[in-house]
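Enquirer: Provided herewith is a single structure, encoded as structure tokens, for subsequent inquiry.
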Amino acid sequence: MKKNTGFDSGIEKLARKTASKTGRRSFIGKLGGFLVGSALLPLLPVDRRGRMNEAHAETKGVLGREGYKPQDKDPKSCDYWRHCSIDGNLCDCCGGSLTSCPPGTELSPSSWVASCFNPGDGQTYLIAYRDCCGKQTCGRCNCVNVQGELPVYRPEFNNDIVWCFGADNDAMTYHCTVSPIVGKAS
């Protein structure tokens, strides 16, 4: 048998000292906690509001940010002021209205919010977009406006999520979106 070198004997002493002071179960428990904690770290919420002015969202949809000029005359148009951050079919074109779902659909209990400028009175209003669920997608008046949209890690400000979860009677199928005013934002 070869004689241990200084490095080997140092590691052996450290291992024996650690083994005499800690039990195997304690070590395995701490190791397991560390591994689980490391795996769950990316799931923690991230708030990046301080860097919002650096965000450059991709311009997509019917109207780009540069060309978006809200109007207050035609609620069935994608540039109607209440639709500044809508992503989906307007219920106005599907048998409903700005604030009510078409017959045969149910209002989702969840919503996403945006603040939209009304050119008619010069005020900014808080809009709580809510999906109407329970029928197949309407497919008329599809608008994809991204003004004020934030990434999915801020879901209450993201319009890419189908908000039909939580609807009664398992009505999880998206049909259209309503745009009720919650109050003044300014």
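Residue numbers in this text run from 1 along the chain shown.
Placement of Cβ uses the backbone N, Cα and C atoms for every residue, glycine included.
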Enquirer: Which cysteine out of Cys84, Cys91, Cys93, Cys94 is the one Swiss-Prot pairs with Cys141 in a disulfide?
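Expert: Recorded disulfide partner of Cys141 in Swiss-Prot: Cys93.
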Enquirer: In Swiss-Prot, Cys164 is paired in a disulfide bond with which of Cys132, Cys133, Cys138?
Expert: Cys133
Enquirer: Do you know which of Cys132, Cys138, Cys143, Cys176 Swiss-Prot records in a disulfide with Cys101?
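Expert: Of the listed candidates, Swiss-Prot names Cys132 as the partner.
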Enquirer: Looking at Swiss-Prot, which one of Cys84, Cys91, Cys143 makes a disulfide with Cys116?
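Expert: Disulfide partner per Swiss-Prot record: Cys84.
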Enquirer: Mind checking which of Cys78, Cys91 has the disulfide with Cys176 in Swiss-Prot?
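Expert: Swiss-Prot annotates a disulfide bond between Cys176 and Cys91.
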Enquirer: List, in sequence order, the same-chain residues at least six positions removed whose CB sits under 8 Å from that of Cys101 (disulfide bond)?
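Expert: Correct list: Cys91, Leu107, Cys132, His175, Cys176, Val178.
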Enquirer: If you measure from the Cα of Cys143 (disulfide bond), which of the recorded positions Cys93, Trp112, Cys116, Cys133, Cys164 is the nearest?
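Expert: Looking at Cα distances from Cys143 (disulfide bond), the smallest one goes to Cys93.
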Enquirer: For Cys141 (disulfide bond) and Cys116 (disulfide bond), what Cα-Cα distance in Å is obtained after rounding to a whole number?
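Expert: Cα-Cα distance, Cys141 (disulfide bond) to Cys116 (disulfide bond): 19 Å.
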Enquirer: Based on Cα coordinates, which of the following recorded positions are within 10 Å of Cys78 (disulfide bond): Cys93, Trp112, Cys116, Cys164?
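Expert: Those close enough: none at all.
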Enquirer: Please report the Cα separation of Cys164 (disulfide bond) and Trp112 (tryptophylquinone) in Å, rounded to an integer.
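Expert: Per the Cα atoms, Cys164 (disulfide bond) and Trp112 (tryptophylquinone) stand 12 Å apart.
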Enquirer: Using a 10 Å cut-off on Cβ-Cβ distances across all protein chains shown, tell me which of the disulfide-bonded residues (Cys91, Cys164) has the largest neighbour count.
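Expert: Counting Cβ neighbours within 10 Å, the top one is Cys91.
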